[in-house]
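*Asks:* Below are the structure tokens for one structure; questions will follow.
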Amino acid sequence: MRVKTISRSTSTYVPQGTTSAPVPRNLNPALHPFEKAREYTRALNATKLDRLFAQPFLGQLGNGHVDGVYTFAVDPKVLNRVASGSGDGVVKLWEMTDRSEVYSVKAHDGIVKDMCYSDDGKLLTCASDQKIKLWDHPSKMEGKSTKDQVKPLMTYLGANSFNSITHHRHDQVFATASSSIGIWDISRSKPTSTLNWGSDSINVVRFNQTESSILASAGADRSLVFYDLRMSTPVTKLITTMSTNAISWNPVEPFNLAIGNEDHNAYIFDMRKLERALNVLKDHVAAVMDVCYSPTGQELVTGSYDRTLRIYSVREHGHSRDIYHTKRMQRIFSVAFTPDTRYVLSGSDDGNIRLWRAKASERSHVRSTRERVKLEYDEALKKRYQHMPEIRRIARHRHLPKTIKKMSETKKIQLGSIKRKDENRRKNGEKLSARMPERQKMVVKNVQ
């Protein structure tokens, strides 16, 4: 039996040496009839490998907390340190490199509601015990006994329990949220001014880190209020259909912010045009408890009461690009990006702090030039062929917990029923208001 084989000489397409001129390559499409077919196959294989190596969960930090984890503080100037506060009043500092506990201190007698870092690296904590405490730089507290030597530099007393705290980007000023917004000088024991616009309780307050005199707050009366410290007065007020649980300013686009709402969605707003949202981020099936922008401003992580964590690409569409969950993880109350954007932290009421990869299939090792070029080529191919049915199906497929899957299906049926009922009422001649775009449905009123 005679078998004919295809034999190619390497001398026709490989240079003879390093000093030789490169072998010319003809880019005429007529000479490469199967180019698109080959690229599609490579894009399909790259998508499959991306899902095959998707292992987002890295582990937990130390032994976690005894009570639930309700707040994080990430110092933007330090990559490997994060502080966490729990429901039993304990504040812990963690070393991200080896996931170990640096120190732990019983900071408050109530729930630690919020924490933030000052410009010089000191930590501010507030709690339901009506106290704010200022703690020294972490490097000066390592190795100290929590009972004898770890003491706050200063304690501030308030008239009501504090719900939130945020520090000014440059000045020694911080703001707190309780029954009103208090503006504090870090060297004084009483607030220098008080801001309020019609809310009995304010849930969250956040300084804009770029336009540093702008302040945003969310109240229990479903209001989202913006203040300007240069005028010491409110600027504008937005009333939404349901209350807001969290606020995060975009670090790159100064006027844009994201809010986590009780209606299961996160919204992105431009504070100059509050009549409609820039984007509606869907997919959660319970209230969004916390939101956090990545340092690049391109991605947003949300933590929800439905025990899942979702990551959104802000500019693309309103659905999450990834969802993270574990069997033991309970309701998520706090999320944060690390300053290098590679990792995500989540704190839940089971007391654990979990560390996740921001990109599930990415590995943080030193890459050779050849590997880096191959990964960039694969990413370009996946982007080019992302709308092909098979590639889109594989890229979007996720395994969900049974409860989340059932709740998603039920929610889809309910929303479809509401739309169908509205259309039937219009068809049968009932006079209804004009159809409201999806990005305007949650806006009740904008007050200047």
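Positions of Cβ are set from backbone N, Cα and C atoms, glycine also.
Quick paste from TrEMBL:
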COMPBIAS  1-21  compositional bias 'Polar residues'
COMPBIAS  419-441  compositional bias 'Basic and acidic residues'
DOMAIN    358-443  domain 'Sof1-like protein'
REGION    1-24  region 'Disordered'
REGION    419-448  region 'Disordered'
REPEAT    62-104  repeat 'WD'
REPEAT    105-136  repeat 'WD'
REPEAT    281-315  repeat 'WD'
REPEAT    325-366  repeat 'WD'
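Map the listed features onto the structure and describe their local environment.
*Replies:* Within the chain, the compositional bias 'Polar residues' (1-21) has no long-range Cβ neighbours under 8 A that lie six or more residues past its boundaries.
Within its own chain, the compositional bias 'Basic and acidic residues' (419-441) is flanked in space by residues 241, 275-280, which lie at least six positions past its ends and keep a Cβ under 8 Å from the stretch.
The DSSP breakdown of the domain 'Sof1-like protein' (358-443) into helical (H, G, I), extended (E, B) and coil residues amounts to 50 helix, 1 strand, 35 coil.
The residues of the region 'Disordered' (1-24), classed with DSSP into helix (H, G, I), strand (E, B) and coil, number 3 helix, 0 strand, 21 coil.
Assigned with DSSP, the residues of the repeat 'WD' (62-104) fall into helix, strand and coil as follows: 0 helix, 23 strand, 20 coil.
Mean model confidence of the repeat 'WD' (105-136) amounts to 92 (pLDDT, 0 to 100 scale).
For the repeat 'WD' (325-366), the list of distant contacts is 49-62, 64-72, 74-79, 82, 84, 86-87, 94, 96, 99, 289-296, 299, 301-309, 311, 400-401, 404: same-chain residues at least six beyond its ends, Cβ to Cβ under 8 Å.
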*Asks:* Let's see if you can do this one: DSSP helix, strand and coil counts over the repeat 'WD' (281-315), in that order.
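*Replies:* Helix, strand, coil within the repeat 'WD' (281-315): 0 helix, 18 strand, 17 coil.
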*Asks:* Of the residues in the repeat 'WD' (105-136), how many are helix, strand and coil by DSSP?
*Replies:* 0 helix, 18 strand, 14 coil
